[in-house]
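Copied over from TrEMBL, here are the features:
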BINDING   N109, H114, E119  oxalate binding site
BINDING   H112, H114, E119, H161  Mn(2+) binding site
DISULFID  C30-C51  disulfide bond
DOMAIN    65-215  domain 'Cupin type-1'
SIGNAL    1-20  signal peptide
Amino acid sequence: MKVVQFLIVLLALASSVAFAYDPSPLQDFCVAINDTKTGGIYGVFVNGKFCKDPKLANAEDFFYRGLGAGDTANPLGSKVTAVTVNEILGLNTLGISLARIDFAPKGLNPPHTHPRGTEILVVLEGTLYVGFVASNQNDNRLFTKVLNKGDVFVFPIGLIHFQQNVGYGNAVAIAALSSQNPGVITIANAVFGSKPPISDDVLAKAFQVDVKIIDFLQRQFWYNNS
């Protein structure tokens, strides 16, 4: 009997631990409001999107037409076409999305992170050089691989990663992500193209270079391929 009671207590504790956490964020931030009337003036948001009455849902809520080739005629030679909850409303609360990535020869999907999702990528056409960088506690170790048609690679959540077309023709990949809204932070754009800009003194010290180099980088046009 004591064994049974112990098991019940243990299961209860495990259950309480399992449910005692905040839901994962589905956007960059969700600032709390104390006065819902005031909040109504500016718009009240939820962590994710409001749900319609299930009785009113239809097939169009779970459909996206024509995930075609993206325009790679840009400075990076790549184009990311995302299909998230913003494109398919039925993805709300389902914790998944995808993206098509098109590459011109030598095209690059530059170093970036997804703050809210792990990415698994499959190459449909071409040859890609891909990699990710581990966190500081793992000495910023670089993991790389050359992928050919049919190969699959995983980029863990939040880690900086990239893909580059190293073949002679165009390349295409499909990426699935473990969030309805995984987000993307392109490193160069965020560091050198933030609005307003980060202090050049801060960046010069962080990168251990002359302020003039930082000023030059901040004057560049940082293209967004997504």
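Backbone N, Cα and C atoms are what each Cβ position is placed from, and that goes for glycine too.
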Measuring Cα to Cα, how many angstrom lie between H112 (Mn(2+) binding site) and C51 (disulfide bond)?
31
Looking at Cβ-Cβ distances, which residues of the chain lie under 8 angstroms from N109 (oxalate binding site) while being 6 or more apart from it?
L76, S78, V80, I101, F103, F162, Q163, Q164, N225
Rounded Cα separation (Å) that holds between C30 (disulfide bond) and E119 (oxalate binding site):
23
To test your reading of the Mn(2+) site: which residues beyond H112, H114, E119, H161, same chain only, put their Cβ within 8 Å of the Cβ centroid of those residues?
T113, G117, F132, F155, L159, I160, P182, V184
So for H114 (oxalate binding site), how many other CB atoms are inside 10 Å of its CB?
24
Relative to the mean position of the Cβ atoms of N109, H114, E119, the recorded oxalate site, which additional same-chain residues have Cβ within 8 Å?
A99, H112, T113, L121, F155, H161, Q163, A175, L177, P182, V184
